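Step one of this worksheet: look at the structure below.
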Amino acid sequence: MILEKYGFTSFFEEQKIAATSSYGRVTAVFRDFYRVITENGEFLATLKRGNFYELSPSNLPAVGDFVEVSNEKQILSVLQRKTIFSRMTKDSEEQLIAANFDYALIVMSLNHDFNLNRLERYLTVAWDSGATPIIILTKADLVDDLTPFTMELETVAYGVPTYYVDNLSHRGFEALEADLKPNSTLVLLGSSGVGKSSFINSLAGADLMKTSEIREDDSKGKHTTTHREMHLLANGWIIIDTPGMREFGIGLNQAGLETTFSDVEELSKDCRFHDCSHTSEPGCAVQESLADGTLSLKHYENWQKLQREMAYHARKNSPALARQERDRWKTIQKSLRTHLKTRPKR
């Protein structure tokens, strides 16, 4: 079966569709249509508008989705997903990136792109997706001593499989390939210019992807991937490539944040107050760890930043929370005005 090569398992087959329909998997998403692979081949399909009219953007098909397709090449429904990667837009709307993958490969290069704060953000959405995160550090040929990078990674990604690779010499690929399960679906996350396209070519053993050079002055690259697309490799792995994303908003699920910052979460259990904000309360275990140096200040500040961002998106998506926030600020402003009126004049 063609679809078995594309990751079709009993999990999806047990989701029944109409007898006149076919199972398919979305292999690429364009503005007005989708590329779908079925047992009858690959073709471009459109949505049956009436079936998706009232659904939010997060319920529309994404690359990796298994779908129900009609004989008229229309997508009738999206099957239940096993994993999902999405990001929050500036308008606090969820934008779907990919679905039904086994591994989330976070690709960073060992030049100016190496950024622990960004890595923590990627790890948060990777854990949140339900897939297994793997860190891929490209351009390993540029570094003589990898020890400092390894030590930094252990502070934010302890236990996450990490591979230093060189696309030119194929260094590191043998170990990675040995650890990936056969016929797995991999989604690649990372900024532009980190070598994702070259990485795919190295993993595939063929020039599947167009590559571009990066500027030497700031290590920034051009977008060689302009849309989300799936590739079936000869060795059986399925790769979902995504356009470079240097910045993106995290979603509303707390689980990914708790896993990425598990050290902070564990410390918070020892705080004196159960509702401790970990800023200035007495008996705060998090603040005590900051004071004695066992907790990194940068790690803590990034945790706070992502907490605030998640709370912001939650308020934007919940009228009740938004109203509570407005009421809270009204109370603060009222107290401030009362204080200014009653304070002694100089």
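A Cβ is built for glycine as well, from the same backbone N, Cα and C atoms used for every other residue.
Taken from Swiss-Prot, the feature domain 'CP-type G' covers 93-248, and the record attributes it to sequence analysis.
All protein chains included, VAL194 (GTP binding site) registers 28 other Cβ atoms within 10 Å of its own Cβ. Positions annotated as GTP binding site by Swiss-Prot, on the basis of sequence analysis: THR138, LYS139, ALA140, ASP141, GLY190, SER191, SER192, GLY193, VAL194, GLY195, LYS196, SER197, SER198.
Taking Cβ-Cβ distances under 8 Å and a sequence separation of 6 or more, the neighbours of HIS278 (Zn(2+) binding site) in its chain are VAL264, SER268, CYS271, CYS284, VAL286, GLN287, TYR300, GLN304. Taken from Swiss-Prot, the feature Zn(2+) binding site applies to CYS271, CYS276, HIS278, CYS284, supported by sequence analysis.
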**Prompt:** Rounded to a whole number, how many Å is the Cα of GLY190 (GTP binding site) away from the Cα of CYS276 (Zn(2+) binding site)?
**Reply:** 34
**Message:** Return only the integer: C-alpha distance in Å from SER198 (GTP binding site) to CYS276 (Zn(2+) binding site).
**Reply:** 46
**Request:** Going by DSSP, give the three-state secondary structure for ALA140 (GTP binding site).
**Result:** helix
**Prompt:** Using the Cβ centroid of CYS271, CYS276, HIS278, CYS284 as the reference point for the Zn(2+) site, which residues of the same chain not in that list have Cβ within 8 Å?
**Reply:** SER268, ARG272, PHE273, SER277, THR279, GLU281, GLY283, ALA285, VAL286, GLN287
**Message:** What whole-number value in Å do you get for the largest C-alpha pair distance within THR138, LYS139, ALA140, ASP141, GLY190, SER191, SER192, GLY193, VAL194, GLY195, LYS196, SER197, SER198, the residues recorded as binding GTP?
**Reply:** 19
**Message:** Taking only same-chain residues 6+ apart in sequence, whose CB is under 8 Å from that of ALA140 (GTP binding site), what do you get?
**Reply:** LEU110, LEU146, TYR164, VAL165, ASP166, ARG171, GLY172
**Request:** Have a look around LYS196 (GTP binding site) and count the other CB atoms within 10 A of its CB, chains all included.
**Result:** 28
